[in-house]
């Protein structure tokens, strides 16, 4: 590790090295950084407002909050860079470099989420398999890990002045962190392009807008971030001495690929409403959940019981039975309230006085009846009431007539004799069906006998 040139000039100091964008000054960097700081603050406000508005209406989209946090981190980066243009202390330089190198990883995570949802929409079997889910989960977990890794490596490098071996180790660690960040930026484009090249079923719809717009939006944001990360990766792998005139370290490249591309991605995602286009229902866990058309006929017994229980209707679920083709059958009995109308209310009977032309004053309005035609209403108004059932005229009411004439109750009874020999009096021929006992009261027109006959 010993180098004569290194021994004469001493170990390099990271605070004195060449930086992308160079050392900021008050004339150019100060006003330009203030402009970008205001833009990032505005972008953070927009995405935070979108997140809060969605949260109020139950539209859960946490990626808007992540983009708002990225804007806050970039605002802090601008603050430290403004301070660096005024005060050139080691601490300020360290904080400015740390925040510049660690910010874009948050947007890489957002694009990975977008790519995951597109893959699950284009190829549900591949997107929802355990291997792909665990792989994307590892990538997402590595985002905060790589941010902390780069911060720790940068701090260690700044406090390793005079130790060439530690400086070389930290430089290798920073190269690994930059390479991993570049991989995170490229992954969404690779995985979505691979899915589009492989034929499959009709894509599952989710969010708003067409699938082409979603893919184009992801590609636009990903390519901008890949360009910025590629410039930082190249500058780290190709170190230049202090005061270099390389275009990679120029201020134009730094502000274009470092700040301008970031603010373009933030503005693009806000204007094209990624919170609506890439929205998926909360709790999605399998094919069909994105579009809400979950596997018809493939509900589990627990899911059926949960859906039936959510109806809040009195019911009883029977034991499931083995159905055809290894399908479980679930039977449910629903209990309805027994009432007159089926709606728990009793119809009010219309009054007999309700006829056409009658003056009802201001009575309480009855419940709205079943709709009928005007002709039926008019016919009901002029229709005569039904006749009451009259007594049978086969035999006159002799007791009643006798009572009205002043004869008292019933007429005097004749001696007891059987009616079977009284053909003259009954005006009937003998028949066992007409046999009756004269001892009954009244002797003529026996009402009970008439009913039996």
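Numbers run from 1 along the shown chain.
Placed from the backbone N, Cα and C atoms, the Cβ positions cover glycine too.
If you look up TrEMBL, you'll see 425-436 marked as compositional bias 'Basic and acidic residues'.
Positions annotated as region 'Disordered' by TrEMBL: 341-371 (among others).
The region 'Disordered' annotation in TrEMBL covers 387-453 (among others).
Feature annotation from TrEMBL assigns transmembrane segment to 30-50 (among others).
Per TrEMBL, transmembrane segment is recorded for 62-86 (among others).
Counting residues 6+ beyond its ends, the transmembrane segment (92-114) has Cβ neighbours under 8 Å at 15, 19-20, 63, 66-67, 69-70, 73-74, 76-77, 80-81, 83-84, 136, 139-140, 143-144, 146-147, 150-151, 154-155, 158, 177-178, 181, 184-185, 187-188, 214, 218, 221-222, 225, 228-229, 232, 258, 262, 265, 269, 274, 278 in the same chain. According to TrEMBL, the feature transmembrane segment maps to 92-114 (among others).
If you look up TrEMBL, you'll see 135-160 (among others) marked as transmembrane segment. Within its own chain, the transmembrane segment (135-160) has Cβ neighbours under 8 Å at 14-15, 90, 94, 97-98, 101-102, 105-106, 108-109, 112-113, 116, 166-167, 170-171, 173-174, 177-178, 180-181, 184, 187, counting only residues six or more beyond its boundaries.
Counting residues 6+ beyond its ends, the transmembrane segment (180-199) has Cβ neighbours under 8 Å at 104-105, 108-109, 111-112, 114-115, 118-119, 122-123, 126, 139, 142-143, 146, 150, 215, 218-219, 222-223, 225-226, 229-230, 233 in the same chain. Taken from TrEMBL, the feature transmembrane segment applies to 180-199 (among others).
Here TrEMBL flags 211-232 (among others) as transmembrane segment.
Residues or ranges marked as transmembrane segment in TrEMBL: 252-272 (among others). Residues of the same chain lying 6 or more positions beyond the ends of the transmembrane segment (252-272) and with a Cβ under 8 Å from any Cβ of it are 20-22, 32, 36, 39-40, 43, 46-47, 50, 67, 70-71, 74, 78, 100, 103-104, 107, 110, 213, 217, 220-221, 224-225, 227-228, 231-232.
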